Amino acid sequence: LPTGLGWALVFTPSLGTVGRYFPARRALATGLVVSGASISGLALGPLVPWLLDTYGWRGALLLLAAISFNLVAAGALLRPLPIPDESPGLPRDRPGLARLLRHGPFLRYALAFVLVDAGYYVPFVHGAARAHEVGCDEHHAGLVMAAMAAIDGGGRVAAGWLATRPATHLLRHLFAWATLTGLTSLLLPLGTSFGGLLTLALAYGFCAGAVVPLQFAGVAEVVGAGRLVHAIGLMQMFESFGSLLGAPLAGWLRDVTGNYTISFLAAGAFLLAGSLLILTLPGFSRASRGSGDKEGVPPPTTDHPDTPPIPSR
């Protein structure tokens, strides 16, 4: 419990800070930041077993804790910036979370990612077991998972870069990548050999990685930069319910049906359902705030979550 709380206190302010530092290149900056998770995941894969074999579980946890303490130094380097349309001398609006809970577009956005997360993690959690199911040994199953994790990082950077192109619509990018992620999940049962499963896993990993930076950059499109940290934290609290639901449900479906076909189909259905909710957002039909604006220039729309962005005609 304290570990999870600690990571939450690190992750949410970090993403919110990046979103405020780079308003014109928010998606690319977020993509570069969250790609570090893929790099660390690949590094910890072989490191943790070695630490367990060498130092035991107590020693391994102490060393991992020592690595995590570097976040204190990294966090000390972050400095708050004033919101572009907010004077530093003005009092802050304290009931920000309560206002977000009454903000219809934000609630739909959060619900979209409850559904997305219910399917998102299923291939990452059950991918190795699926590889064994189609006849792969431990080595080949590990290759499938490592390849999916590696290309996930590439997808995060690529999607962030593409979303900064002039005259793009960030929420449309997000919708497209979430839809592609759902479709590739539906296709995963077709991978009945090592080569086929590896190809589909690479496609899924890239598309799934692309969703991550756009999800967090898209929060500013829905509620504005002034509520970014509050909104990211609240959204992550909601979507954790989807994350907790998806993988156990997929495992239960595997036990009931005898294979992972229905599990991956259900995951794809959750992803597609979440992507369809993105279509209902007011900002879906207008240009992205962060595309083509000069760095640091405030967007022409309000940052108050009670007023949804005004669509362009």
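A Cβ is built for glycine as well, from the same backbone N, Cα and C atoms used for every other residue.
Note: TrEMBL annotation is automatic and uncurated.
Residues or ranges marked as domain 'Major facilitator superfamily (MFS) profile' by TrEMBL: 1-286.
Look at TrEMBL and you will find 27-48 (among others) tagged as transmembrane segment.
Feature annotation from TrEMBL assigns transmembrane segment to 60-78 (among others). Within the same chain, residues 6, 10, 13-14, 17, 48, 51-52 sit at least 6 positions outside the transmembrane segment (60-78) and bring their C-beta atoms closer than 8 Å to a C-beta of that stretch.
With a threshold of 8 Å between CB atoms, the same-chain residues lying at least 6 positions outside the transmembrane segment (109-129) that come near it are 141-142, 144-145, 148-149, 178, 181-182, 185, 188, 201, 204, 208, 211, 215, 218-219, 222, 234-235, 238-243, 245-247, 249-251, 254, 260, 263-264, 266-271, 273-275, 277-278, 281. The transmembrane segment annotation in TrEMBL covers 109-129 (among others).
Tertiary proximity for the transmembrane segment (141-162) is limited to same-chain residues at least six positions away from its ends with a CB under 8 Å from its CB atoms, namely 27-32, 34-35, 37-39, 41-42, 45, 123-124, 127-128, 131-132, 168, 173, 177, 194, 197-198, 201-202, 204-214, 217. Summarising the annotation, TrEMBL assigns transmembrane segment to 141-162 (among others).
The transmembrane segment annotation in TrEMBL covers 174-191 (among others).
Annotation comment: TrEMBL describes 197-216 (among others) as transmembrane segment.
Under the heading transmembrane segment, TrEMBL lists 228-250 (among others).
Summarising the annotation, TrEMBL assigns transmembrane segment to 262-284 (among others).
Marked as region 'Disordered' by TrEMBL: 288-313.
TrEMBL lists 297-313 with the feature compositional bias 'Pro residues'.
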Exercise for review: Note the mean pLDDT of the domain 'Major facilitator superfamily (MFS) profile' (1-286), expressed as a whole number.
Suggested key: 86
Study note, to complete from the structure: Spatial neighbours of the transmembrane segment (174-191) not adjacent in sequence (6+ beyond its ends, CB under 8 Å) are 116, 119-120, 122-123, 130, 134, 159, 197-201, 203-204, 207-208, 210-211, 214-215, 218, 260-261, 264-265, 267-272, 274-275, 278-279, 284
